[in-house]
Structures are given as structure tokens and as C-alpha cells.
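Marked as domain 'Amino acid transporter transmembrane' by TrEMBL: 50-450. According to TrEMBL, the transmembrane segment annotation covers 54-76, 82-106, 118-151, 179-194, 206-225, 245-266, 278-303, 323-344, 372-389, 395-418, 430-449.
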Amino acid sequence: MAQVSINSDYSEWGPSTDAGERARLLQSPCVDMAPKSEGEASPGAPDRGTTSTLGAIFIVVNACLGAGLLNFPAAFSTAGGVAAGIALQMGMLVFIISGLVILAYCSQASNERTYQEVVWAVCGKLTGVLCEVAIAVYTFGTCIAFLIIIGDQQDKIIAVMAKDPEGASGSPWYTDRKFTISLTAFLFILPLSIPREIGFQKYASFLSVVGTWYVTAIIIIKYIWPDKEMRPGDILTRPVSWMAVFNAMPTICFGFQCHVSSVPVFNSMQRPEIKTWGGVVTAAMVIALAVYMGTGICGFLTFGAAVDPDVLRSYPSEDVAVAVARAFIILSVLTSYPILHFCGRAVVEGLWLRYKGVPVEEDVGLERRRRVLQTLVWFLLTLLLALFIPDIGKVISVIGGLAACFIFIFPGLCLIQAKLSEMEEVKPASWWALVSYGVLLVTLGAFIFGQTTANAIFVDLLA
């Protein structure tokens, strides 16, 4: 991939020769950017991608759907029932789609190819650094969630294999949750995370898609034909309070967050046009909405208020079909963790090199040592936090707040800044309307992020 230029603020942090590498690392795993052959385009013309419109829809759906769907039934319970959950998702979908379109517009205007580089170019150095830090923290938190998911599914699978109730006293030490998560992480995740290159990205994406659709199908089938031993708890029909509805927002943000990978997808299209992209993201979000809504409604109605934050934990351990779903989720997470770590490590590496002012070419000798150290620190910290934070709902709530930054705050800031720079060329009414919409996006994102942060800090302290 050709090196991409960064705005003048980049130079204040040192050379930007790592930009192309970071752009490649932060692409969606399925995005293939074909190299431009000689004479294919004029020097000033934009690169043409190879992704068709249908392919772009699939990639965006793939980037959107994931292990976050396990928390949607609990989100419906938190929101106050089916009606509130559906209304909340439909309302937020308008802002989610508009954020994706804004990012494509700003990418085209700034000629940048990744999310963080668009923010750098449009909003400047400070906002760009905050964006990269947010990406690093978000990928770190998601890795923690992945390890918790592995533990949740293993608990049920081991209970069946050992023919022993989960957590029963006197269980063998090798069935302890902390041991099984650690063993799996050291045997599979750590070796896959250390290499500089990852060659299994497309296989990981395939597993993720298959696992997601299978889990959704099982949850719907189990609602239609429930097992006799499953008894739902209270089925809420209205929100307990307005704050309860807002508490479900982080889960929805986490589930629909595909904005970071959306910019490379847009630039990989054969026809990267805003109108075409609007159709792509609308179709993709409608598909994702159908999956999340089916999972959330059927999972919530099956268990009611008693649904677990990880819905698969609510089903009996002996259910074979659900056990297969657990196996799919484990395989998907095992291969997704290294990819998320890969992206987070690339951002940290870029921040470090710009801070030191050292070009990539002059830093090859220390790259291996630093990469291994970064990987070990990242891996051990996420593992320790996953072992002592067994509730995936808490982790998704926190990283869902960060997802709101990528969906609302940064696109809103980009829109405001882009329109401010075009103030003399745009009609006053249109200019004010777009700037006002940008302010609305930033305000909504700040509210979700602030509420999530406050809950994470104060609720646990009060408890």
C-alpha cells in the first residue's frame, strides 16, 4: 500500500513513515487493497479498490457482528422490555448510519484511508492522539471481554464433560475457571499474538460470521421450541426509569461499532462514492439490526429478567445444540483476540515512534524486542483483569462507552471541523444545520461515555 500523507500536525511528532503500516494493520481483516499497477491511474488520481458493493456490505456486516450479541438479551432486559429495546435500537441506528457516512465524506475530503488518520487530518493533532489512545483502550477492553467469554463457555462445557455442577465444592483444580482461562490463553492466544504478521485473518472472519449466525439461530429456535426445564423470569413490559433505557446504550454501541474499520472498507471499494456508501452501510446496518433484534428479543423472552449478561450461560449445560454454539464462540474469540491485539499494538507502536521521532526504517533492530515486550504486557494485563472481572456485562458497559466515541464523538467533531473549514462556500442554512447535527452527535456520545464512566466508577464503589 502506498504511503499516505498526514496533516501538518503530524510533523510535530516526528516522521510519519509508519502511517502506511498502521493503515494496513487497522484494516478490516477481509479488506483487500489491490496494489495499483503502473499506468493504471494518473499521479493525482485516487487509488481504486477491488471490493464490490455487495462485498462491502458483507465486510461491514462482518465487522459489526460479533461476540457482543451475547449481551443483547440482557440489554433488552435493562432497557425495560421488547418495545423499549426495539425503539432504542431503531433510534440509535439513524445516528450510527449517519456517522459512517460522515466518516466516508471526511475520508474523501482529506484523502486519508484509516479512521485515526481521518481524525488527524480533519481535527488536528490533539484530537488525533485522543482518537488513537481511544482505539488502543477499546481494543484492550475488547480483549478482556473475549477472555471472559472464553471462561463463560468453558465453564458450561467442562460441567458437562465432568458431569459435575458448575462451581461445585470439591471439583478438581483443573476445572477451576481461572486455570482453564489461563491455560487456553497461554496455549493458543499468546503464540498467535506475538508474530509481526497475521495470516489467518480471513479464516477468523469466516469463523466469526458462522458462529454469530449459528448462535442467533439457536436462540430463536430455543424460544420457539423451549426446553421443559427452562422457566423465564419476570417479563418486563416498560422501563423502570429513563436511566434504565440509557444504561442499555453501551451494549448497543458495542454491538454496532464498525466505524473504525469502515474507512478502509470505503476506500477499498471499486466505486468509493458517498451515495453508494450510504446504501452499503444502510443495508449492512439493517442486516445487523435483524440479527441483534432476533437475538435480543428471543433471548429476553426466553429467560426474562433472569437472563445472564452472557445469554449462552442461561441455557442448560447438557444442551448439545447450545454446546456447539459455545464451541463456535470459543473458536471465534480465540482467533479474534490476536487481531484486536494486533490493531491495538499497531496504534501503540505508532504513538511511540512519533513520540520518539524515530523513523520505522531506523528502528528495525529494536522492533522485535519491543513487539515481544508489548505483547507480553498486553496479554498478561488482559488475562489478569479477565480472571478477576468475571461479569462480561461490566466490561461491555465500559468499552461500549468508548464505542460511543467512535460512533458519535469523533464523527461529530469531524463534521463540525469540516463544515467550519467550508464556511464561506456553504449556504448559511445548510452550514448551520450540519454543524448543529455534529454538535448533537458529540453531545450524545459524550453523554453515553460520561454515564458509562460514572457507572463504572461510582456504582461499584457504592456497592
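Cβ coordinates are placed from backbone N, Cα and C, and glycine is handled just like the others.
Sequence-distant contacts of the transmembrane segment (206-225) (same chain, at least 6 residues past either end, Cβ-Cβ under 8 Å): 62, 65-66, 69-70, 73, 291, 294-295, 298-299, 301-302, 311-312, 315, 321-322, 324-325, 328-329, 331-332, 335-336. Here the transmembrane segment (179-194) has long-range neighbours at 147, 150-151, 154-155, 158, 173, 200, 334-335, 337-338, 341-342, 371-372, 375, 378-379, 383, 386-387, meaning same-chain residues at least 6 beyond its ends whose C-beta is under 8 angstroms from one of its own. The transmembrane segment (372-389) is not in contact with the transmembrane segment (245-266), judged by fewer than 3 CB-CB distances under 8 Å for residue pairs 6 or more apart in sequence.
Touching of the transmembrane segment (118-151) and the transmembrane segment (430-449) is ruled out by the presence of fewer than three CB pairs under 8 A, sequence neighbours closer than 6 excluded. At the 8 Å Cβ cutoff, the transmembrane segment (323-344) and the transmembrane segment (54-76) share at least 3 close pairs (sequence separation 6 or more) and count as touching.
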